[in-house]
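Now, the feature entries from TrEMBL:
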type     : residues : note
DOMAIN   : 121-207  : domain 'Pyrroline-5-carboxylate reductase catalytic N-terminal'
DOMAIN   : 349-483  : domain 'Ferric oxidoreductase'
SIGNAL   : 1-29     : signal peptide
TRANSMEM : 302-320  : transmembrane segment
TRANSMEM : 350-372  : transmembrane segment
TRANSMEM : 393-414  : transmembrane segment
TRANSMEM : 447-467  : transmembrane segment
TRANSMEM : 479-500  : transmembrane segment
TRANSMEM : 520-541  : transmembrane segment
Amino acid sequence: MHYYCCVCSLRMNQWSVCFFLLPVRFCTGRPTCWFRLPRASAHAPICSTHVGRGQGVGAWPGRHVGAYVTLSGKTHCRRRRRERENIMPDDMARPLIRGRGEGRGSRCLEASMCDPDAPVIGIMGTGDFSRSLARRLVASGYQVVVGSRNPKCFIALFPEEVEVTSQMEAASQADLVFVAIFPEHHSTLVELKPALAGKTLIDVSNGIRINLDGPSNAELLADMFPESSVVKGFNTISAWTLQVGPRDGSRQVFLCSNSSSAKSSVTQLCRQMGFVPVDMGPLSSSLEIENLPLYLFPSWRVPVICTLGLFIIFYLYNFIHDVLHPFVTSGKNLFYKMPIEVVNVTLPSVALVMLSLVYLPGLLAACLQLWLGTKYKRFPDRLDRWLTRRKQLGLCSFLCATLHAVYSLCLPMRKSARFKLVNMAFKQVKEGVEDSWVDAEVWRMELYLSVGIMALGLLSLLAITSLPSVANTVNWREFSFIQSTLGYCALAMATLHTLLFGWNRAFDASQYHFYMPPTFALVLILPLIVLLGRLVLLLPCMSRELRKIRRGWEKTRHIRFTFPEVVSHV
């Protein structure tokens with residue numbers, strides 16, 4: 001089927017319509033082919049029109065004068081849109097971007113989105129980060145020019161408002177330049193030294209591995225361009241955060257530079273883009289900033305290793321005690337317990353020990369202050385690091401306790417549990433026992449479950465208040481009450497839960513397989529020590545001394561110290 005396409009042209013001061021009846025073959029019912037006159041033609045710009053099946057000649061709906069549609073259906077702007085209706089035609093013919101030629105393939109910027117007082121932002125590089133950065137800058141009202149070695153190859157990847165040109169021309173036009181290329185390619189920009197002299201360079205690169213010796217990428221870039229001001233920043237922001245906006249990612253941007261004016265301009269740029277700039281000082285801090293994205297949960301490493309280590313130790317202990325011993329002594333095959341039962345006994349053991357490790361360093365710090373008689377001496381490094389890891393230790397304990405609750409709920413679903421229940425019922429019928437009610441066992445189980453639920457509820461409260469968004473809504477007294485007072489209550493409930501589980505089995509010789517005590521007997525040692533230590537520190541003689549020390553009193557200095565509430569006003 002043949003159709004015809006009509007093309008009309010518009011002069012600047014008068015209308016003249018030229019019809020070209022050209023046979024065109026369409027593959028589908030929708031328009032797929034369009035024509036425009038060459039740029040050197042007297043008829044410019046071009047407005048494409050369309051003849052469809054059973055349609056007359058008319059303009060494409062929703063398109064503007066000065067646009068043409070390609071085979072892919074994209075609309076390409078070859079003229080500026082009018083900002084106001086009263087702009088004279090001669091003003092439209094004047095280019096809005098300085099130095100823009102007709103022969104280049106880069107697209108023009110939207111003048112309506114650019115602040116005339118805002119600096120021109122240049123970006124060296126055409127990678128994922130560069131494209132996301134260009135979109136964010138355009139959305140923030142900046143005029144953006146991207147420098148590339150092959151601008152024609154990457155022009156389609158950037159928004160229409162971004163000008164993609166050569167590196168030299170981008171460096172000449174821009175006031176601030178983002179160096180968004182890998183650090184090993186920084187040397188390729190040396191030929192741009194004259195164009196970049198006196199301008200601000202923003203280094204967004206990161207290293208491959210953690211660098212503790214230096215120099216940083218930003219310092220090397222500053223050595224290459226001594227006449228430019230180098231600012232380190234935006235390296236902790238991902239391309240996804242730039243694309244979707246700072247609301248869905250971290251809002252902080254760490255900045256450092258030796259030039260206060262350059263840092264001030266980049267700080268203003270950060271705020272305009274919706275981020276929160278954080279001044280990290282001189283350019284020597286760039287090494288620390290470059291290492292930040294390379295750390296993999298540095299504060300979680302020791303707590304996670306401790307949790308996994310305790311899990312492996314207790315799992316092997318329970319396996320030997322509950323599975324291997326019956327198999328060796330009586331030939332019972334209880335290996336089916338390994339996936340569920342052994343894990344379910346191991347998880348609460350790890351949770352209780354980890355929760356004890358949360359409050360043990362606080363007791364050690366208090367005892368050390370009482371021993372030294374002052375608070376002005378630093379704690380040992382290991383104790384200091386232990387104190388800073390208490391939040392992570394508590395969250396690992398909460399995870400193990402939650403998994404223990406889930407595993408416990410799944411115990412009746414197992415096939416082995418159903419077989420065991422049927423066997424117990426058959427055995428009871430065979431022995432003629434009408435009532436198997438044991439009052440002590442019933443009370444023990446009721447109390448055991450009730451205390452366990454309360455312990456898990458308190459742990460959940462501690463975990464929720466440890467979130468930064470929740471912790472920022474409470475004052476220090478409320479936070480310390482929840483984390484300290486309620487935390488010790490949670491530890492006491494978890495300890496009582498374990499005591500009710502063990503009941504009197506700790507005194508039963510048959511429970512000591514291979515002369516190994518039951519697991520709960522080993523687990524209770526550390527939490528009982530912590531709880532007893534806390535009770536000792538609550539004694540008036542100890543608490544009053546500790547309170548004076550934490551208010552500045554020192555044992556070695558003979559200074560009379562009284563609390564504000566007992567000061568005499570006579």
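Quick reminder: no glycine exception, Cβ is built from N, Cα and C everywhere.
For the transmembrane segment (393-414), the partner stretch with the most Cβ pairs below 8 Å, chosen from 302-320, 350-372, 447-467, 479-500, 520-541, is 350-372.
Against the transmembrane segment (350-372), stretch 520-541 has more CB pairs under 8 A than any other of 302-320, 447-467, 479-500, 520-541.
If you look at the transmembrane segment (302-320), the same-chain residues 6 or more away from its ends with a CB under 8 A from one of its CBs are 338, 342-343, 345-347, 349-350, 353-354, 357, 385, 389, 392-393, 395-396, 399-400, 513-514, 516, 519, 522-523. A Cβ distance under 8 Å defines the sequence-distant neighbours of the transmembrane segment (520-541), meaning residues of its chain 6+ beyond its ends; these are 314, 317, 348-349, 352-353, 355-357, 359-360, 363, 366-367, 488, 491-492, 494-495, 498-499, 501-502, 506. Taking H, G and I as helix, E and B as strand and the rest as coil, DSSP gives the domain 'Pyrroline-5-carboxylate reductase catalytic N-terminal' (121-207) the counts 40 helix, 22 strand, 25 coil. Through the fold, the transmembrane segment (479-500) approaches residues 348, 351-352, 355-356, 358-359, 394, 401, 444, 447-448, 451-452, 454-455, 458-459, 461-462, 465-466, 471, 520, 523-524, 527-528, 530-531, 534 of its own chain, all at least 6 residues removed from its boundaries and within a Cβ separation under 8 Å. For the domain 'Ferric oxidoreductase' (349-483), the DSSP counts in helix, strand and coil order read 112 helix, 0 strand, 23 coil. Model confidence over the domain 'Pyrroline-5-carboxylate reductase catalytic N-terminal' (121-207) is summarised by a mean pLDDT of 95.
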